[in-house]
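Here is what Swiss-Prot says about this protein:
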type	residues	note
CROSSLNK	LYS87	SUMO2 cross-link
CROSSLNK	LYS194	SUMO2 cross-link
CROSSLNK	LYS205	SUMO2 cross-link
CROSSLNK	LYS214	SUMO2 cross-link
MOD_RES	THR5	phosphothreonine
MOD_RES	SER131	phosphoserine
MOD_RES	SER138	phosphoserine
MOD_RES	THR145	phosphothreonine
REGION	1-129	region 'Interaction with NCOR1'
REGION	123-143	region 'Disordered'
REGION	130-220	region 'Interaction with SIN3A'
ZN_FING	67-115	zinc finger
Amino acid sequence: MNGFTPDEMSRGGDAAAAVAAVVAAAAAAASAGNGTGAGTGAEVPGAGAVSAAGPPGAAGPGPGQLCCLREDGERCGRAAGNASFSKRIQKSISQKKVKIELDKSARHLYICDYHKNLIQSVRNRRKRKGSDDDGGDSPVQDIDTPEVDLYQLQVNTLRRYKRHFKLPTRPGLNKAQLVEIVGCHFRSIPVNEKDTLTYFIYSVKNDKNKSDLKVDSGVH
């Protein structure tokens, strides 16, 4: 349920199918991990357990993982939750006096509930300020679009996405680097929202991802 084939993305339009397939796979990975601490992504509340880093390929914070952020130069000691950090979030708060950044030694991208709430409040203040400045309508760039947590996907799924779209990368990338590259491309795909939603609903109703995965696993 965490994979998709190039054929799947070509039916109903490459872009719409690709977006629908990635969203479906990320949602499925999150649902499958509900009993073990996996979550749905950047803006979803959740709770994790306490302490250091786990394997970079884990879907959701592992037992004993700490928040991946540094604040004022010090690594956060709070338990990692289900929300994840990204360069997009870093950019959205870079204009504020919030001295938080990703700890380069962290082997995951999950953050604690404290920092998740802090980031949300900073972004909300930014949106309100934009609304006040222009008389009620926030600038387009300040609209907080839903975030798909690509870190929930398996490494093989990310590699298949990279191969399908022929994304230029160097060999030996780890999961965090793949997520960043795939995420930048994924957010840049122009799609028709109606087509994407229609394809997504169709895939879910027909359990399409699961059947495609069985066929694809037989090929590989």
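Just so you know, glycine gets a Cβ as well, placed from its N, Cα and C.
What Swiss-Prot annotates, mapped onto the structure for a quick look.
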residue : record           : Cβ contacts under 8 Å, 6 or more apart
LYS87   : SUMO2 cross-link : GLU180
LYS194  : SUMO2 cross-link : none
LYS205  : SUMO2 cross-link : none
Inquiry  = Across the zinc finger (67-115), what are the DSSP residue counts per state (helix, strand, coil)?
reply    = 10 helix, 11 strand, 28 coil
Query = In terms of DSSP three-state secondary structure, what is the assignment for LYS205 (SUMO2 cross-link)?
reply = helix
Message = I'd like to know the mean pLDDT over the region 'Interaction with SIN3A' (130-220).
response = 73
